[in-house]
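Inspection log for the structure reproduced underneath, given as structure tokens.
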Amino acid sequence: MGMNLLEGKTYVVMGVANQRSIAWGIARSLHSAGAKLIFTYATERMEKSVRDLAATLEGQESLVLPCDVTSDEDVASCFKAIKEAVGTIHGVAHCIAFANKEELKGEYLNTNREGFLLAQNISAYSLTAVAKEARTLMTEGGSIVTLTYLGGERAIKNYNVMGVAKASLEASVKYLASDLGKDGIRVNAISAGPIRTLSAKGVSDFNSILREIEERAPLRRATTTEEVGDTAVYLFSHLSRGVTGENIHVDSGYHVL
Ligand SMILES: CCCCCCc1ccc(Oc2ccc(Oc3cccc(O)n3)cc2)c(O)c1
């Protein structure tokens, strides 16, 4: 990406699981644009792969912290540690979602109350929980970017309970943008086309959707984490200073069909 668009700025990237993660694509683009990065991971299982990946970024001595977004105390202590380490941050990439695999197939009607609330808790409310804590560290203004999918706007087979959570996330983006604009903090979403990540393995028949994109999307190809990463650089940079509450589709144009 280069262009040093983010030179001297610090960002928190939440949700790197492995090198196929969209969050990792975002981290690489931010790093190329000159940003300083801090990583958070959800489970101990992820710690090693996040540390190993972060170490591959030339000239980055990244802080890597645990952050369980289902715990308000954990989110608060995570951002307290970040504040003590760097003082000010310029943005957060929120790349966190989860739903029970059993509810990502068949009829949406099969969703139970517990599964519904779990998906909402991790995939939607977590953005608000993070924004509350991150706000106090963005003393020079900032930008928050989250990830969504077309299934939050349309009923896409198998996406089910995650689609309802993404609809909630996308509405949260607008309300957070409304609240935080006066603090110079922008809030936007990137609606990424299907990418073969660890998370995608939880969605039934993912392959048939990927094939449909490659055959029918205007650009006739699947989305890459690099493309999403570069759009994140735009949303974190001065170039998007007039953009907030927006949802940018990086999906080879599929959503227009
Ligand atoms: C039928 C739609 C096919 C395209 C799905 C694109 C997509 C792929 C991955 C996405 O992110 C998640 C994240 C967690 C998630 O829940 C999971 C993931 C793995 C295991 C598990 O038990 N739950 C499901 C999808 C996502 O929100 C959207």
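From the backbone N, Cα and C atoms, a Cβ is placed for every residue, glycine too.
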For the NAD(+) site that TrEMBL describes with G15, S21, I22, D68, V69, K166, I195, R196, T197, L198, S199, which of these is also annotated: I96, I144?
I96
Could you check which of the recorded positions I22, Y149, Y159 have their CB within less than 6 A of ligand 1?
Y149, Y159
Hey, how far is A99 (substrate binding site) from Y159 (active site, proton acceptor), Cα to Cα, in Å?
10
Using Cα-Cα distances with a 10 Å cut-off, which of the binding-site residues G15, I22, V69, K166, R196, L198 are near Y149 (active site, proton acceptor)?
K166
Rounded Cα-Cα span from Y159 (active site, proton acceptor) to V69 (NAD(+) binding site), Å:
22
